[in-house]
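Over in TrEMBL, the protein carries these features:
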type	residues	note
DOMAIN	A:30-393	domain 'Luciferase-like'
BINDING	A:Asp59, A:Thr105, A:His155, A:Tyr159, A:Ser231	FMN binding site
2 protein chains.
Amino acid sequence: MRKQIILQAFDMTAAMHNAHGLWKHPESRRHREYKSLDYWMELARLLEKGKFDAVFFADVLGVYDVYGGDEAAALRDGVQVPLNDPAFVIPAMAAVTNHLSFAVTVSTSYEQPFHNARKFSTLDHLTNGRVAWNIVTSYLPNAAQNFGLEKMVKHDERYQIADEFLEVSYKLLEDSWEEDAVIADPNSGVLVDASKVHRIKHKGTYFSVEGPHVSEPSPQRTPVLYQAGTSEKGREFAARHAECVFVGGPTPEKINYYIEDIKARAEAYGRRKDEIKAFTFLQVVVAETEEEAYSKYEDIKKYWSADAAKAQYGGSTGYDLAAYENEEELFTYKHTEQGQSRAAYLTKDAARPFTVKEIHEKFSKPAEMDIFVGSPEQVADQLEDFFVRSGVDGFNLTHYITPKDLQDFVELVVPILQERGLYKKEYKEGTFREKLYNRPYLRSGHPAKQRKRS
Amino acid sequence: MRKQIILQAFDMTAAMHNAHGLWKHPESRRHREYKSLDYWMELARLLEKGKFDAVFFADVLGVYDVYGGDEAAALRDGVQVPLNDPAFVIPAMAAVTNHLSFAVTVSTSYEQPFHNARKFSTLDHLTNGRVAWNIVTSYLPNAAQNFGLEKMVKHDERYQIADEFLEVSYKLLEDSWEEDAVIADPNSGVLVDASKVHRIKHKGTYFSVEGPHVSEPSPQRTPVLYQAGTSEKGREFAARHAECVFVGGPTPEKINYYIEDIKARAEAYGRRKDEIKAFTFLQVVVAETEEEAYSKYEDIKKYWSADAAKAQYGGSTGYDLAAYENEEELFTYKHTEQGQSRAAYLTKDAARPFTVKEIHEKFSKPAEMDIFVGSPEQVADQLEDFFVRSGVDGFNLTHYITPKDLQDFVELVVPILQERGLYKKEYKEGTFREKLYNRPYLRSGHPAKQRKRS
């Protein structure tokens, strides 16, 4: 059987995610409806109809306030603001689906591991094992200010905190409750066997958590772990912990390089290469014919907002494009202070430095190199070619006009991919991890499984 | 028209809430099903059928480990453990109802105001204004240990933290986004008017939060505010902030005393007496006939667990009943270190000190003084009498066998209360606050409304 594409919808419970300016498009519904349960339940049904593996929710904890020195541009075009907490749409979306899984972003820089463990145990119970945690360390300076810090913690220390956060999480989720702790035997009168529930007694550099965990073991225990770091520290972290990684880059070959690099690092940590699945971003403009697709694309361009793109770029990279001269060159993005995002790759992975003028120009329209435009067959061809050359396991599908772009993809592209054997016709049974890896829990070589009970 | 009873189901997303030992009853489903969305959606439909105003979710962030010096007794009978995060069942319950509201407990001692504000804005959006926040400061020593503290913060300082937490919350929820900040006008290209979104720049003793809030104004902005404190500090806090208070006591008259006391304090803060609604706990055992009801009650007693009751009492009061001699008297519960709970009233409001032996005896069966047992007419009579004498506005209905006790109440008691004009036959339209108070937002005299924009 051919290797099959794993497909995720990339989304955010915000008025707008990264379709800069497209809220103005007459068919865009999300900026009006993202606040309603009905919108998200309809989306869930659509994605399950299209046999999507998961919906992946990005998140931020502040505003993009670098471009122009404040958040005015971000607000004007709704760049990831207004924004709701993504975790709360999951239960309603789960209630109307059976197989679709849900990856949600939580930052280790601004959350407490005890809260977080209970949150994921709860979601994993309620969805019957259909959740994943996208681990981020947060890149927005404003987020730090919202949690009592004058300045962001430095990039490398954020990953040290993240490492300890994960250690505490594993102790709570994997070690605290033994598999058969819940007996619920009315005859003996024992609901929980107290000898099988353990305090974790964690005392570390950043966290002190006594335990026990309060939630009983959920179907997956630890949610499926996602990570998107492409900095040196980020890749090390992904290699140690992640089951799914996000990799961006200017070419399929560059993406393949990152994938192989992370997998090699994972092996150095005693993990197996096939314990990690790699995803990249995918943007599609598809219609019945090539001509219609390009006309749709021209229509999209009309609504594009360059300012919104620059606002996101500013928050993601730390570069305020309004503060540089046109001929200045920006090459190495400030990855020691910021995280990484799609926009950041523009300067990070380019073969040569870009001048600020060139970057301004690039943001004047949707980034064409990342978009597959065409008829259903043409899009499927491009997608298949990219899939084979890059070696990715799947895609995070973004969308300009929501939910229409996803509807079009489900109706026009999915059947062709299925026909070619590149995409499943039916879901596998089981939890998200069982669907991805044919096992309920993390492997024994994973750091989640490497502690001895004291 | 007669004053009508406001009715809430008192619940917890745990294997067991406070029906000590009743998980062993053959008709009890909750300890098996509390982890599933279907269970909570079925419950939501039942409560809306019974025209309940709200479901109220208690919460704790640790285990009850005082009784006997550890959590063994609590685990054995599932005393509020295993436990999930209550907020995540709300979206699914909201999806299958139109009027039922949802009060959820969040502790100001272990949460960040920025996270909390976004959580409630999100829930308020998704439910169309059907959420309330039960503000607690947490009483379990183990909870403190789960959030990095060696010992609990002292009771009075917990309320100082809570006051500042509320101040930050009001700034985020009420002040940060002006009413007409979201324009979404495709012609001008403005989604959000940046001049109407403000940073809050809060720098206080316990919190430093820059803002702006990331969520746009929700239907209620600030969720309906609940508070259950009956300590001196707790009542002051309730008088300043709360729209709904919980009051317990050994007699309707004692409850009335507390209600009047809190309302008088509210007036001293420039609020109106009718800005506060008071609730007390209600436990009912009802069947078609008196005889069947008493036989049901005898059946319940068979499954009662005294150890579970003592475990909850220990965590709530700080008294380990296993550590005192039988003849010792316990009168003043340690309200400076602990919070308050139903169990605590036993020693707190008693007319005379109880000996430890007497308390042990009381916990040997369900607390009869708090339970209305009888035929539907008899229960309605008792309930009406209590309602009139205590002056409460409503009840928090607890249950031994879930969901059966609630089904019985809906089928047998609700129609009689409706017939007597004591209970609504139809819901009012609008948000939870509109249903309770005929207004969308908090009144101008409330501290949420008392800051000037700088």
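Just so you know, glycine gets a Cβ as well, placed from its N, Cα and C.
All TrEMBL annotations are machine predictions without curation.
Take the CB of A:Ser231 (FMN binding site) and look out to 10 A: across all protein chains shown you find 19 other CB atoms.
Around the Cβ of A:His155 (FMN binding site), a 10 Å sphere holds 20 further Cβ atoms from the protein chains shown. Sequence-distant contacts of A:Asp59 (FMN binding site), defined by Cβ-Cβ distance under 8 angstroms and a gap of at least six in the same chain, are A:Met12, A:Leu83, A:Asp85, A:Pro86, A:Val104, A:Thr105, A:Val106, A:Ser107, A:Val136. The Cβ of A:Tyr159 (FMN binding site) lies under 8 Å from the Cβ of A:Thr137, A:Gly229, A:Lys233, A:Gly234, A:Glu236, A:Phe237, each of these being in the same chain and 6 or more residues away along the sequence. Its Cβ taken as reference, A:Thr105 (FMN binding site) is surrounded by 21 other Cβ atoms within 10 Å in the chains shown. For the recorded site, A:His155 (FMN binding site), the DSSP three-state label reads helix. Between the two most distant C-alpha atoms of the annotated FMN binders (A:Asp59, A:Thr105, A:His155, A:Tyr159, A:Ser231) there are 19 Å.
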